[in-house]
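Here the structure is laid out as structure tokens; the discussion comes afterwards.
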Amino acid sequence: MMGFLRALQEDKPRGVLLALVYVSLLLDNMLLTVVVPVIPDYLVTSEGLRPGDDGSGEGGRVGLLLSSKAWVQLAANPVVGALTATLGTRLPLLAGSVNLVLASMLFALGESYAGLFIARSLQGVASACIGVAGMCLVAEQFPEESERSRALGLVLGAIALGVLLGYPLGSVAYEFLGKPAPFLVVCSLAFVLALMQLLLLDVRNSASSQALASDWAVLLSAGTILLSSSCLAILEPCLPIWLKASIRPEKWQMGTVFLPDSVGYLLGTHLLGEPALWLGRWRVAAAALMLLGVSAALVCSARNLWQLVLPHFGLGLGVGAVDAALVPLLAYLVDTRHGAGYGAVYALQQTAVSLAYALGPMLGGALMRVVGFPWLMRVLGALCLLCSPLLALLARLDLPDKLPQIPRILMDPLRLTGIL
């Protein structure tokens, strides 16, 4: 990875584009998670909602608000995917940053449930533009498989870093500076980003793509991303409610609960993209689903916040490993089976993530009332374990792995450093 970053310093045009995509995803995910420790408590105090241990009161409305972003993004993803074929990738990326400014400003100024709902929904448009156009732009700029895996792993790490920063920023700034403070921070940074994109991006059309036909391998990869993302999406509304009823942490501690999975995701996306080429990307994704299954089942066994660290780290690492393996594989499948047209396949990938965050909070809250949080996580873990063998179907479509060469690579520090 360090060698790749040094190469980018020499290739400044591609380095600038990668940096703009990185910061866009970073800020989008900061805004995504900064609301999680803020909105439930704010609605309790401002709208008089009563937090129930079963998740029926606060959890229902908060779950609906949190999932509204994903539902809007779910509808916007295919539209943005089609627009990248006619407008190119740069203009949708700029539009996403502008929407990010508007959404964060509405979050800062909004005082009613309706105003916050509109802000969360508007972020769905921003996320669709940034996610689809950003991934397409990186895939176009790095056509060589090894470089593409590293570049996509790097920008996926921006998602983890944004999540990592968003939770504590939201909880600490809300506790000591008030509700507008964390959103104004994101708004200011997004405004600077939009100005930089306006100055540095050539927004003229530079894309040409063809429609992506139905492909079982693409659908299996997207379905795996959907399942892995659901593990974290379900936790957002359900875990805080369960913690209030069982562990009863301090208000500022609620934002720190999600830090281990953010660190795990950051490490998974940064470190496993290139090794997945050598091990076989389907193997890495299958092992990641197994890790997710075990970690999800262990979450409900925690009796204090420290006992949540290891299963949460496993969840983040598992989701990061799935993304590091399968997001570059989607581009490879387009190259080898469908020609050019990254917009359609990354619209599908973003749709899978959006569907997870749209259905996850709503279904999670409903199922938690029926079976309870522990059994909800156990069933989710079992589903991950049962689905992991299906990824073996991708073995013949992936690049030939170099598994027999791994012992020699491990014995050669120079080659090992180049991979990492």
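Cβ coordinates are placed from backbone N, Cα and C, and glycine is handled just like the others.
Per TrEMBL, domain 'Major facilitator superfamily (MFS) profile' is recorded for 183-420. Per TrEMBL, the feature transmembrane segment maps to 16-39, 116-139, 151-169, 181-201, 213-235, 284-306, 312-333, 345-363, 375-395.
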| said: Can you tell me which parts of the same chain pack against the transmembrane segment (116-139), counting only residues 6+ beyond its ends and a CB-CB cutoff under 8 A? | reply: 17-18, 21, 24-25, 28, 31-32, 35, 39, 43, 65-66, 68-77, 79-81, 84, 89-90, 92-93, 95-100, 102-104, 106-107, 110, 148, 151-152, 155, 207, 327, 331, 342-343, 346-347, 349-350, 353-354
| said: Please tell me whether the transmembrane segment (312-333) and the transmembrane segment (213-235) touch - that is, whether there are at least 3 C-beta pairs under 8 Å between them, with each pair 6 or more apart in sequence. | reply: yes
| query | If you count Cβ pairs under 8 Å, which stretch among 16-39, 151-169, 181-201, 284-306, 375-395 touches the transmembrane segment (213-235) the most? | reply | 375-395
| field | Stretch of maximal Cβ-Cβ contact with the transmembrane segment (181-201) [cut-off: under 8 Å; candidates 16-39, 151-169, 345-363, 375-395] | value | 16-39
| Apart from its near flanks, which chain residues at least 6 from the ends of the transmembrane segment (284-306) lie with a Cβ under 8 angstroms of it? | 224, 227-228, 231, 235, 239, 242, 247, 249, 253, 256-257, 268, 272, 275-276, 312-315, 317-322, 324-326, 373-374, 377-378, 380-385, 387-389, 391-392, 394
